[in-house]
């Protein structure tokens with residue numbers, strides 16, 4: 001398996017930051033009440049992940065090991081500030097909706113974890129691909145969880161898409177069910193916990209099913225050496 005395919009498999013499935021590593025749960029649970037919010041935070045996290053991995057990989061040979069963590073945090077904070085300013089300028093409604101969770105990307109364990117575990121030990125291209133696939137893995141879980149919660153809670157999909165994509169995206173809103181009142185359990189953090197648990201359980205079931213279909217490798221017989229005389 002090529003390195004890119006292995007990185008893709010790890011980021012999207014085998015070592016998914018949300019479903020396997022269980023990192024970044026605070027924004028995952030708090031922001032994913034709609035697809036729009038989930039996608040907005042996912043894109044922001046993806047941009048910071050790729051940017052931080054590339055930057056850390058470029059300077060990895062010039063930063064003393066004793067101060068590498070503070071340097072990584074400063075790099076991540078600078079990139080988050082850039083993303084925050086861009087979102088404030090071009091997606092102000094989404095910026096207000098996400099609120100404090102945009103600057104909190106600085107403390108996201110996914111980003112500092114990939115910078116320390118992978119980017120600081122590899123060249124630029126593999127580090128960029130690692131950030132890309134880990135970011136896409138996190139974004140995919142955010143979007144799936146956001147769609148589940150929005151659909152069950154409000155009976156809609158892509159509500160508020162205009163906050164992210166512009167006024168034309170208001171036409172993307174789909175009313176799947178008509179509720180007299182919102183189902184608050186799905187929209188509040190307890191519903192997010194339940195949703196994440198269901199997604200983790202589903203992944204484990206799929207992994208077990210795939211594992212069961214794999215041919216079992218026969219263990220070679222172990223020959224014991226005789227230590228006594230005949």
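A Cβ is built for glycine as well, from the same backbone N, Cα and C atoms used for every other residue.
Note that the structure is predicted; figures quoted are calculated from it, not measured.
Taken from Swiss-Prot, the feature transmembrane segment covers 18-38, 39-59, 69-89, 93-113, 124-144, 182-202.
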Is the transmembrane segment (93-113) packed against any residues at least 6 beyond its ends, judged by a Cβ distance under 8 Å, and which are they?
17, 21, 23-24, 26-27, 30-31, 36-37, 40-41, 44-45, 48-49, 52, 69, 72-73, 76-77, 80-81, 83-84, 87, 134, 138, 160, 162-164
Mind checking which residues of the chain, 6+ beyond the ends of the transmembrane segment (69-89), have their Cβ under 8 Å from one of its Cβ atoms?
40, 44, 47-48, 51-52, 55-56, 59, 63, 95, 98, 102-103, 105-106, 111-112, 115-116, 120
